[in-house]
Structures are given as C-alpha cells and as structure tokens.
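Okay, structure first, notes after.
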C-alpha cells in the first residue's frame, strides 16, 4: 500500500486525538462547564458517584487512596462521555440501562484511545545542543503493549507508552532519504522532568490482570508502579473472564500509561509509514525478561536511575534507544543476534564482548546500507567477513555466529526485511519464562507497535509481511521483487538453500522456534495467511540458547529433525513450490509467494505432527478461506483485497479432482480440508483450536447482543449493524439490509451469517470498524509455553469452493486484513502479474506444542457468527447447531431418498440418446463425478438475450455489445450498434457512449453448482442434492443423501417436519384454488373408477394421479392503458382510455419422488364489471404452459393422456368458476411459443415437442368440447366471425370499438402498427419496413361505402377493420371466442340479465330484451327468420343466477417475481430454474416454492433489529408497538432489551391470511413512504422510514459501485412503486423510466410473437400453394 495512505491515517488520528483530549479536559472538570444549572450539576454528580461505585465493584482490591483517585479520574471520563452521548436528560438518567451504557461507553472510548494514544510529545523536551532538523515533521510513535495483540495485529487490549518522534517528511513511497538523521531524532528528545502520567497505570493493570488471568499467567506489561521483580512470578488464576470482555486498561489505559520508560527493548522507532526499510537499529538492546509482546517490563529495573551494571561491550545498543538504555536497570548478559532471512534464516549469536557502545552508531545504519557492521572495529573478523558476504553459515562457536545478509547489490533492500522478519520472530522466543534468559529480538515490528493506533501496526506488518523475495528458479535462485523501487516495509534478504546448513543438533532452539511461529503468526495474521515455510530453517547451537523446560526437550529435538526434512523437501521442489519465509506486497501489486513442498502427503504429515511450525498457519489458512467462502462482496468491495483471488482458487477447487493438481495451492488446500473433515483427534492442534475458538466467541457474542439496544439508544440512528454500534460514537447510518441474490453461488457457502463484528480498518477512521470481528474482541495475551495466539481470521468454511461472482451480493463477511487483501491470482498458476499467489498452502502449518487445553482460555472474538461459520465438520465434531431445511432431502424417509437417487440416474426429460450417454457415464463413475447422478460436468442451457433497441434475439455464438446501465445489463446487436451514427447508442431512451460498450460473443456457458457433504466429504450437484442455497445463510450443515440414510437408520436423526420446509400445500389457498382442486379431484376419482371398471380391476389396483396441489400464486389489480394512436380514433366515441383488470397466476404441483414439482401454469386476465365496454365481464387466457412429467403416464378411458385430462379439467374448472362469478366470455389465442422460447416454465424437456398451431388449437377445442357437454360453455366461435363479419341476422356494427382489448393480445399491437402506417401514408412518409408488410394499403375497399376521406375517424375505423380482417382471416381459427353466457344474435352482446328470447324452431337463436323490442316494431319482412314467409315465435327465458356485480373475495397476492409471466420467466432464467429434466424440475420447483413463501420485496424483507439477518417467513419475533422491530429466534433466546412486549411472528401454516395481509400492508406502507419522501423537506422527519428512504435515494445518486445492497434496495422500492403507479407526471425517481422500460420490453415481446405468427401464416400459405395441383 502506498505510504501516502499511512500519512493520511496519521492525520486523521492526530485530529481525533485532539478531540479526545478536549473531551477529557471537559469531563475531568464537570462543574466548570458554563451554562449548566445547579440541578444539572447535581444530577451529573449523582451519575458520577454511581459510575465510581460501578468501577469500585470491579476493583475490590483497590482500597488505597491512590487507587481511589485513579478510579475517580476514570469515572469522570465515563460520566462525561455518557453525558455527551445522551439525547435527553431522561436517557442520561435511565438507570435501568446504566450498566449497559457504561459498558458501551467503555467500548467507544476504547476505539478513541486506540486511535489516539497519549502522545509522548507533551512529556518530551528537546535535548540541548542537538540538531533537531527543523523543517522536518515528527511523528509520535507511542510504544504499544502488544500482549494484547491478536494474531491479526489488532490492538485489542493495548496499553501504550509514548516517547518517540521520528521525522517523516523525507519518506515517500517506500524510500528514505536520510535514515541516520531520522533515526537519531528520538535521541534529541528527553522526558519532561516532573511529568508523569503513570499514576493511573495500576488501576488499569489490575483489570488487565483480571481479564487475562485466563491466559495462564501472562507477564505484566510495562507500568511505572511495577518495580518489584517478584511480580513477574505471579501468575493469574485461570478461568477468570470478566464478562465485559474489556478491562479498564484495555479501554482507557492508553492515555494513562507512564511515559518515563522509553523504548527499552531497542526497537527501531519508525514513522507511520510502517515498513520503511529502516532496520539499522535491529540489534538487541539487552537480554532481559520481557513481556510477551517484546516490551521490557518495568519489573526488570531495580531503580529507574540505577546505572547499568553490565560491561558496556555486552550491551546491544541502538543509538536510537541510547537514552532508554542508560536508564535501564540491571541487565542480564546480552547476545547480539544476527539477521534472519525469509528463505532460510539462521539464528546465531555474536559475542557481545566484541562490540562496544561506540560502534553502535555504525550498527544503526548497517542494515540499510550494508556498511555499518563492516566498519565495526570490534566485530570479530570472521564474523564481519561473513556478514559482508552475506553467507549464513553456522559457526562452531555459537557466540560467534551472526545471521548474515545476502550481499547482492540488487537485494540490498531485502536485507532490511531480514531483520524485521527474524527479529520479530525472536521477539516471541523470550516470552516463555519470566526468569529465563530472554533473547529479545529488535525488529521493525516493535517499532510499529509505537504507532498511534493498531491499524498502523497492521499496515506496517502487512506491508513487509507480504513484500518478499520470490524464488524464480528451481535451482534456488531468487529474483528480486521490485516495484518502481517502492518498497513498503522491510524486505527479506534472499538466501539460497545452499547457504543453509541444517542440523538436528540444536533441539533447545525448537521450542523457541515454535514461539517464533506463534509471534510471527500473531503479528501477521492481519496480512491474511502468511506462509512460514522457512521457519524450519534455523541454524543455531544449543550453547547459545536460553534454558527451556525439560519436559519439552524430546519434542524440540523431534522438531529440529522435522525442520531439516521440511527444508530439504522445499529445496528439492520445483520453481513454483520453492519455499520462502516472508510474504510481501509491493504497492503496485506484484507479489511473490512461497509454495508448499512437493509431495502429496506433505500436508497430512504436517497435520500429524511432522512439521511443528505448520499448525498455526493451517488454522489461519482455514479461517481465511472460510471468510472467502462467505464473502459475497464484489471484487473491489471486500475489505480483504485477496478475497476475490481466493474465490478464484476455490472456484478452481470446485471442479478440480486431479490427484496432483499443478494449480497453485489447489492440492495442498484440498489435503488440509480433507484432514479437517475427517479429523477426530481430540488433541489435534488445528481442529480443536477452531472448535474451542467458536465456544469462546459465543460467550462474547452473548454479552454484546445484550449490550446492543443500549448502544443503539446512545446513538439515536436508524437500525445499525452491530459492529458500528459497538465501536463508533458517531454512527447515524442505517445498517444495510441483507439482500438475497437471486442466483445462489455455484458452490455452497459453508459459512454462517455475516459477522456482526468488525476488524479494524487500517485506512479508515480509528473508530470505524469494518464488517468482521472487533479488535476489542481479539484481545489475547501470549502465554507461556502452551499459549495460543488468537486467529483473527473469522472461522470461515474453507473446504468448499464457491463462485467468485456471488451476488447477492450482498453480504460482507470478515475481512482477513487490510493488507493481505490484494488480489493475487486469476485462473492461472501464477499470480495476476506473473508472480505467485499469497494463498500458499505452506502457510497452513502450525506449531504442535500449542495444547488443546489452552484453547478454551483464548479471549478471542466470541461472536456467534464465528461458531456458525465453522460448519466444517459434522455436528458431533464441531458442536455447532444444525440449521434445518437446507436440503429437501431432510423431509424424506430412507425409501424416498433411494427413490430420488434412482430417479436422478434415469435422466427423465432428455432425449433417448442423451439419457443413454449419461447412464453410460454413470457406469464408469470417477472421483470427479457427482455421488448422486454419477455424472461429472453438467451445464445449463444458455440464457436467451435480446437486443434492447430492436428486441431481436441475439443468436447463439453471435457477436454483440453489452453495457450496464441503470440496474440491469443491456445488449445491443451488431446492426443496431452500427446504425447508431453518433458516438452514442440509445438504451431505453438514454444515450450511452459507445466507449462504454463491451463487445462479446454469445457463447457463455454456466455449469451446475456443487455442494459437499459435511460428513463423508462427497461432492454432489446442488440440484441432485435438492440443496437450497437461499436457505443456507452460511450457517447450515449439509448431510448428503447417503449419510442421511445412515443417520436415519441408526436412529441418529429423524426426517424433519413438513413445516420446516414449506411446500405447495402451505401456500395460501383461495376460493379459486379450492374450486379447481375439488373439481379436479372429483373428476380424477370418476375417471379412475371408470378405468378400473373397464380393466376389471379394483380401484386401488389402477394407477391414479395423486398428491396434486393447485394454488393461485399471484392475484394483483392492474390497469391496461389503451395505445395512443388507437385511442385517438375513438376518443370522440367516449372510448375508455384504460381498463382495470385482475391478473392471476395459477400453478399445479404434483409430488414426484418426494418433491412437489410445478407441472402446469397459466396467467389469466379478468375484466370485471368495473371495466368499460368492450372488456366488461370478459376473461383472457393470456398464457398457458406445462411440462411433461405428470405421473402416472397412462391413458384415460377416452384414450387421451391422463396429464391432458388433468390440464383440461383445470381449464374447464376455471371457466366454470368464471361463469358462476358472472363473466360472460373467454378469449383464447392458440399460439405456440417461438422456437427456443418459453411462456412460463423455462426450458422444456426434449421429450416434449413444441406443438404446431393446429395441434394446439385442437387441444383447446377438445377441452371446450368437454366443457360444452358439461354446459359450462354455451357456444364457441372465433374472433373473426364474431366481430369482423355480419352473418345471418346480425345487425351489429363492424367497428374496432367492439373488439375486446387485452394486454398482450395480437390485434392491439397489430392495430397500432397499422394506424401508424396509415398516418405515414397519409403524410407521404415512407413506410416503416420493420413494422409493416410491404403491401401498400389501397382505398378501393372504401369506395363502395363512400368513405374516401382518411382524415375522418370513421373512415380510419373502417380501413383499420378491413386491414385487420385481412391479417386475421388466414388464422382466424386460432383466435377462439368462448361464450359462457348466451349471445344476442342481433347485437352480439352477451346477456347477463333480464330475459333472453329463444326460438324453439331454430336451434341457436336468441336475442336480448332490447333487441326483442326492436324486433317487435320491425316490418314483417325483416322479422325472424328473415327472408322467410313463416315467422317464428320467440319465447322468453329468464336469466338468473348471474351476479350483477363481479366481486373477488380472494385476497390480493402480490409478488415481484410472479407479477407477470415475463417476470417469472426472468426469475427462472436468471437463476437457471430449468425444466428440461426431471431432476432440474424438482430443484427448480423447490426454489420457486421458496420464493413463493418469501413474497416480500427482497430488499425490504424483515431483518433482525439486533444481528441484521433476514427473517424468513414464520421465523422470529416482533414488537406489537414498533413497526420496524423484529428479532430472530437466536437473538431472542439470548435476551433482548426492548420496552414493549414481543410476540412471535405467525407462521404461514398457522395464519396464511394474516401473513398475506401483512405483506400487502408492508408494500402499501413502503409506497406511501416513498410518496411522502418526494414532498418531505424536513431533515429530522419523524415519518416512519422517511430518513431511511432518503438515505437510500441519496446513496443511489452518488454510488459508484452500482449493484450494492443499498442500490438494490432502492431499485426494488422504485419497482414496487412503478408497478402500481399510473400518474403520467409522477415525480418519484425512475418511475416513468421503469414503466417505459417494462412497456418497451412487453411491446418487443409482443412484436416478436406477432412477427413469428405472420411468418407462420406465410409459410402455411406457401405450403398450401405448393401442395395444390396445377
């Protein structure tokens, strides 16, 4: 990362620091505040007393006056903070929530303190006589007690010591102009006499002792009051965990630590540009007992001013820390440790007697310039020679061994990294025993600990932890990783393996090496997964090492041998597998990454104890991959820059089954996953750690959830995410709702809900915490021996690959760090820039000596999400709760599961050839095959795409242009793109620059997604497993069908209840659905009985159709607008401009092999009595579709297929229902879908041929014939005969005003085109060839009636009817008119009231009352029958049982996905809900039912007010008063703090009507809020959700991401409004555009349909002409 970013962070931190200081001054003297009344002062005093008492309860041992004074100071700060954050006096004095508010305030102050530690500048004065380098900017770099550093470098519990200034003005982009001058800056400052703010140290230190007592006796940190060395012997009692999770020192102590003790550990003070190659002082100051973070404890000083009692030549002096050294107390004998490199470092010792204090000035810059130590006169000649040559050779005399640096000129900057990386590791070696001779390692990291906030520390370490040398050749040659000469962070000096002489003769080193691994890991995990492949390559002699406990000698010796073997394996590997030690990231993105040793069993050996240093990294790797599995953020949106790259790796693993895959990190990662899945060892240092890690997270998460409501009340913002409530005192943004993407990821995400906690954002505001785990919850001290550092990486499932393109986007998860987030690799074996990926499997190794028993004592994040995310093994191993309903298999009995598997391998729906091919593949099943269907690779059908401007379908493999505009992606065909002469192309009325378009080929292919069993690790297709990726919120354990059968048979589990996974029967029933079901079941029973009678069998012996469910899944009120040109012709005749109607969608489900499969669907339009003529009381059967999977596949008595019988009965039942409700007619257009397109159900099976028009028409007529027999249908005719001709005694006027006007029908669109052509012809314009046929309309037909003036509307009407008749006549039989009531033969109206006058002699003649009156007044000649002498007598027949008004008693069922057939089809296409095979039809139907049971707008689905997770139907609890307060079951069970009563949300099965009404109310409320927002000008409007909607709209105006969660919410709201809006001047953003967009899409679809029909007619005419003999 560029160093300029560090400077930016510094500035924000400095500014924030002043704010905190100001607040402190105010809070410390509350009575001095002007303008506060005496009563208020008394109230505040009362609150101060209560706060003091609260603190005293937690400090029972502090009874002396000094301690009380310190507690009083802390109480003042807390009271002042609560006063500032309270919104009202009542809120301030609410003692019911006092405890929670205090705790919340502590957390907030913690964020400020960590971001703004007390600066040492105020306690320093300039050293007289020393040049200060005026003009330079000095950076305060407080020293940090890193015992609280977790493994992500999070300063969770940091106490700080300040006392350094370093000039930063000469540091830019990783270079240092004057290192010596900058390093000497600290020496120019001395402490201010008499200023000591360490008075409060013991108050906070006691809290630290209390909280971290569970860490097994962690050494006390630096503090001015700890002068007695005996304190170091005291170990805290185990098991003590403060419920708060934070001690006072953790939260406020940073500003009260002593500033007197300077950097006694000899670490380099560096500026905020952490990682600059300033390692010149990386020579140890002294060997003294130290705290676990490398900070010298004050207990090591007898007196502050006691002079050094060690020979000067034994002191490892850094001139930067010369002042600190001179003040240090008694020092033990010191050793100078040399530098260690990243690729094969050697730890050696140097006789300190050979060096003098005077030489240290040269030592300061030697590592930066490679000249300092060479000029040291006291350095032994052979050691100096070794150092100059960079040869890391182990000397026989251990005191004379010095780790050496490669001296190649191009690698000189990497030498700086060597000090950093290895001394940083040595630092932890000294943390084992307070009385052990420590070997402190001075390194760059300890300088970074002096930064003002933990984020800076993260950046510094991440920079140099990622930037490293990459092995470029198998011969162990290393190339230099340079990026424009910008090196951020110290970089490792490369050392070839030939320079490393491994020997198992140094077992004492091993334990310390383990500690190095721990410290390296604990300080670098924020860099993600840092491979430590070279940690086993240490060279040392046991003479040099500090004594270690005897009981570990044997194991240490074993480790030494293992390191040697590991190193050999590494050096024998190929170039892509050579091992290096340190990971670095150069600013421009180049990356060199180590690789695991060659060998298939490497990982298993590591996990079984062959590589002790691997355990820590294995955990880190798993945790990082678990985050990657869950993260749904886009490539540039995730907090982790490497997240997207890791997704690429996991996506590769998705398909990879090669035993020795050459893809980088694939093979090793799979091995680790395999072990993790099968590990049952209770002492496994990798698996047990993760399990215990979860348990501790649960405890912390429980506490935080209880504190949540109070935190929210302190900040008075809308609903916020948990992390922002906990860490920021300036929170006012609404937490994003969790939005489900329509398309689940191809691989199951085995992670749980997104974290409600945060990692520190190293680049943001110090108080800002990104989605992840709070740094405050990763506080963990490094304990002695068995200490386990906290793995910061959220435990995320790593064993299952996932799609890199996860939409939905939409859910952020734990970022591993801010620096190891740079994408490193694409689908290649090398990185994106030709370098290796940072996700090296070598990083999967950990030290074995970390005992499982200590894992329970880790005070790491204890959030529930970590527990949920670790769904890696079965419940018996991982202890996590199972989420029911992730797979439909859970409903099945073992017999049903076996039936399902057998059905999968039958490939029902495919052609015979394809089915046989797949069956043959199943016989040769490989390890890469699905364990259920036995086939490996299955691809979905390509989704059809259409040109936005012209609506033409883009052919397969054809080139086209695409662009994202608005909320959707648009496609432009080549002709339309070329026709746009300008530099823009019009897309939905918006000009889009051609430069934004991307040229693509329509050849995209999407493979089916996979899922892995948590028990047997077998892989299956998600479709085969009936896996619902939408229900898997990353928290579900999945058991494959085979393991499920075993568990059921062994009694370990039972099939879940049907209420867990709601099916078709659980959908709300309606009057219509009940009518259809009852009638269908009755008819099926009769048919089955008749079949049994004819076959001579009993009823049970004859197969019958069962398990059928019919439901109305959409029923919404709509308005059909008449097209403008047509309306202009009949405006004078009071023709209605719009027709209200109700659109309904009806689906039929049948349970096949245990799954309810959608087999049939139809959309209808019902125009009731509220519609004007000619649409009044009419029904339009707009679309009908079915798939050929109905069971049983038998014939009825009449010889037709049983499925045809069922579908006919549904239609007849619907017509019967309409007739009883008062509808008079039904209109059917028998038009099959276009080739390659579908009406409702997406992608039909190959065994089902698309019917020709005549076949489809016959199918409808056969149904109507049955309906006529049952007297449901009165008469059938066709559209042309009924409206276009006057046959018989018909006296109705032939006019287009009589034609029923339906949405999507053929003639309205055709009429509009004809009228447009007529107008163009009249104006002399050229006809539009695309819209009209070539034939020119003639006026001859009008001459006979004398209508020659086309400007007259009547003439236009006649001409339009004439032309329409010509078009419709060839296919008039396809437009079927069904009369449900009798039709008057004179006026052609359908009679629904009064009497109908019937002629007994004529079979089908009746007239209405009105026409009968006219008939009686006619002359005898014109009476019925016309042109006959004998006149017939007409008899009246009363019309009854027809409602005068049509009312629909069914509830409105509104759904975004089922609003129209196009919306439903788009849902299926976008998510690949296909019906081409039965196996896919089952899965698609399962997903359709999921959407049906979750009908609310996705962006505004109910979310838990505490954890922000989306609540599914029938889940959670809600407040009876607050409309927006809903909580999930998990949060409710842990206790909530809400003033009102909470009730359970009703389930779909318990209260279908209530749920339906609730959904409609919610949608109506949202529409009302949006309309209110358009007129609201109040900033603090109290209208419900007003500010939320305003925030969404503001976000949409500035968002550059396009497609984020907030944008999806905004667009969903706009669509919800636009579907119901009819205001032509609506001011809601995008309303008119959306309506125009939908209308345009519908018109294009209708145009394609009409064009196909015309083509079919022409083809039919051509065939007829060709077949006619001459």
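Numbering starts at 1 and runs along the chain as it is shown here.
Cβ from N, Cα, C; glycine included.
Features of the protein shown, as given by Swiss-Prot:
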ZN_FING   611-690  zinc finger
ZN_FING   970-1046  zinc finger
ZN_FING   1379-1442  zinc finger
BINDING   1384, 1387, 1408, 1411  Zn(2+) 1 binding site
BINDING   1399, 1402, 1424, 1432  Zn(2+) 2 binding site
ZN_FING   1499-1550  zinc finger
BINDING   1519, 1522, 1538, 1540  Zn(2+) 4 binding site
ZN_FING   1554-1634  zinc finger
TODO: With pairs restricted to those 6 or more apart in sequence, evaluate whether the zinc finger (611-690) and the zinc finger (1554-1634) have 3+ C-beta pairs under 8 Å.
DONE: yes
Open item on the list: In whole Å, how far does the CA atom of residue 1384 (Zn(2+) 1 binding site) lie from that of residue 1432 (Zn(2+) 2 binding site)?
Closed with: 16
Open item on the list: Across the zinc finger (1379-1442), what are the DSSP residue counts per state (helix, strand, coil)?
Closed with: 12 helix, 15 strand, 37 coil
TODO: Could you check the binding-site residues 1399, 1408 and say which one's CB has the fewest neighbouring CB atoms inside 10 Å?
DONE: 1399
TODO: Please list, for the zinc finger (1554-1634), how many residues fall into helix, strand and coil according to DSSP.
DONE: 53 helix, 0 strand, 28 coil
Task: 1402, 1424, 1432, 1538 filtered to the binding-site residues whose C-alpha is within 10 Å of residue 1387 (Zn(2+) 1 binding site) - done: none
- [ ] Could you check the binding-site residues 1424, 1432, 1538, 1540 and say which one's CB has the most other CB atoms within 10 Å?
- [x] 1424
Task: Output field, Zn(2+) 1 shell: CB within 8 Å of site CB centroid, site 1384, 1387, 1408, 1411 dropped - done: 1385, 1386, 1388, 1389, 1391, 1407, 1409, 1410, 1412
Task: Structural state of residue 1522 (Zn(2+) 4 binding site), classified by DSSP into three states - done: coil
- [ ] Specify the nearest of the binding-site residues 1399, 1424, 1519, 1540 to residue 1411 (Zn(2+) 1 binding site), where nearness means the distance between Cα atoms.
- [x] 1424
Task: Surrounding CB atoms that lie within 10 Å of the CB of residue 1387 (Zn(2+) 1 binding site), all protein chains - done: 18
Open item on the list: Around the Zn(2+) 2 site formed by 1399, 1402, 1424, 1432, which additional residues qualify by having Cβ within 8 Å of the site's Cβ center?
Closed with: 1400, 1401, 1405, 1425, 1433, 1434
Open item on the list: Suppose we draw a 10 Å sphere around the Cβ of residue 1522 (Zn(2+) 4 binding site). How many other Cβ atoms does it contain, all chains included?
Closed with: 14
- [ ] Pop the Cα-Cα gap between residue 1402 (Zn(2+) 2 binding site) and residue 1522 (Zn(2+) 4 binding site) into the table, whole Å please.
- [x] 70
Open item on the list: Can you give me the Cα-Cα distance between residue 1399 (Zn(2+) 2 binding site) and residue 1540 (Zn(2+) 4 binding site) in Å, rounded to a whole number?
Closed with: 73
Task: Per-residue Cβ crowding (10 Å cut-off), top of binding-site residues 1402, 1411, 1519 - done: 1411
Task: Among 1402, 1408, 1424, 1432, which are recorded as binding-site residues, the nearest neighbour of residue 1519 (Zn(2+) 4 binding site) by Cα - done: 1408
TODO: Between the Cα atoms of residue 1538 (Zn(2+) 4 binding site) and residue 1408 (Zn(2+) 1 binding site), find the distance and write it as a whole number of Å.
DONE: 68
Task: Cα distance (Å, whole number) from residue 1432 (Zn(2+) 2 binding site) to residue 1408 (Zn(2+) 1 binding site) - done: 16
- [ ] Quick one: pull the CA-CA distance for residue 1540 (Zn(2+) 4 binding site) versus residue 1424 (Zn(2+) 2 binding site), whole Å only.
- [x] 77
